[in-house]
């Protein structure tokens with residue numbers, strides 16, 4: 001059995017590989033069609049003009065679904081490993097909520113392009129990476145709380161390193177973007193897809209775009225740390241039939257329901 005066939009380890013692998021492919025394929029398409037400059041454009045710029053916009057959107061929507069599945073499995077795993085630790089259970093629920101919000105933000109990024117609905121796109125980016133960074137923080141704290149019984153110290157330090165990488169990228173991107181869009185280098189820069197190295201603001205633009213790519217891959221790299229954990233878990237669906245047909249409710253099930261109602265259990 002290959003390592004990615006063990007347990008549910010294929011989930012974080014699929015999330016990272018598919019998401020990275022969505023960035024790379026959109027970038028290649030945009031470069032081939034001369035829609036953006038080859039030197040580190042914004043990720044969002046590579047998904048602005050058709051046909052790469054269509055590819056970018058559908059692939060990121062699938063990434064959001066894979067992210068939700070991965071975060072849910074992680075939630076169930078932490079809960080199963082710490083059934084009686086209220087602090088960890090509470091943090092685990094918070095982490096799941098943050099993760100789902102982050103995935104929703106990714107859907108917004110996929111479906112509301114930067115050059116068309118800029119402010120909605122920015123909201124999606126803040127939800128994806130801002131809330132996503134808090135999700136990473138919660139999972140890092142959980143890793144700390146679960147060592148050494150469940151997690152080794154190594155995995156905690158690796159996740160902490162990914163978190164610091166992500167946060168430094170956010171700070172770098174925020175500062176450079178504020179400088180770039182402050183008005184010192186002209187207006188309507190949001191619509192600008194081609195830059196001349198001799199233009200004012202080019203340095204701030206490059207710092208901002210490099211920070212964005214760094215942020216995206218630091219966020220994705222965090223989920224690679226789930227692979228070893230997911231090799232030791234599997235989920236099964238249990239089907240409970242209340243009758244032999246889908247049209248009539250079994251009498252025994254109705255009787256049980258009525259009993260519960262009388263007893264005040266429902």
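Start at 1 and count along the chain as shown; that gives each residue its number.
Using N, Cα and C of the backbone, Cβ positions are placed for all residues, glycine too.
Marked as domain 'CWH43-like N-terminal' by TrEMBL: 8-233.
Nonlocal intrachain contacts for the transmembrane segment (12-35), taken as residues 6+ away from its ends with a CB within less than 8 angstroms of a stretch CB, comprise 4, 41, 43, 45-49, 51-52, 55-56, 59-60, 62-63, 66-67, 70, 193, 213, 216-217, 220-221, 223-224, 226-227, 230. The transmembrane segment annotation in TrEMBL covers 12-35 (among others).
Here TrEMBL flags 55-73 (among others) as transmembrane segment.
Sequence-distant neighbours of the transmembrane segment (94-112) (same chain, 6+ residues past either end, Cβ-Cβ under 8 Å): 44, 47, 56-61, 63-65, 67-68, 71-72, 74-75, 78, 120-121, 123-129, 131-132, 134-135, 138-139, 142. Summarising the annotation, TrEMBL assigns transmembrane segment to 94-112 (among others).
Among residues of the same chain six or more beyond the transmembrane segment (118-145), those with a C-beta under 8 A of the stretch's C-beta atoms are 44, 71, 74, 78, 85, 87-88, 91-92, 94-95, 98-99, 101-109, 112, 151, 155-156, 159-160, 162-163, 166-167, 170, 190, 215-216, 219, 222. Sequence annotations record features per position, and here TrEMBL assigns transmembrane segment to 118-145 (among others).
Feature annotation from TrEMBL assigns transmembrane segment to 157-182 (among others). Here the transmembrane segment (157-182) has Cβ contacts under 8 Å with residues 129-130, 132-133, 136-137, 139-140, 143, 189-190, 201, 204-205, 207-208, 211-212, 214-215, 218-219, 221-222, 225 of the same chain, all six or more residues outside its ends.
Annotation source TrEMBL lists transmembrane segment at 202-227 (among others).
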*Same chain, outside the transmembrane segment (202-227) by at least 6, Cβ under 8 Å from its Cβ: which residues?*
3-4, 9, 11-13, 15-16, 19-20, 23, 39-44, 70, 74, 128-129, 132-133, 136, 139, 155, 158-159, 162-163, 165-166, 169-170, 172-173, 176-177, 179-180, 185, 195-196
_How about long-range neighbours of the transmembrane segment (55-73): same chain, 6 or more residues beyond its ends, C-beta under 8 Å?_
8, 11-12, 14-15, 18-19, 21-22, 25-26, 29, 46-47, 95-96, 99-100, 102-104, 106-107, 109-111, 135, 223, 226, 230, 233, 235
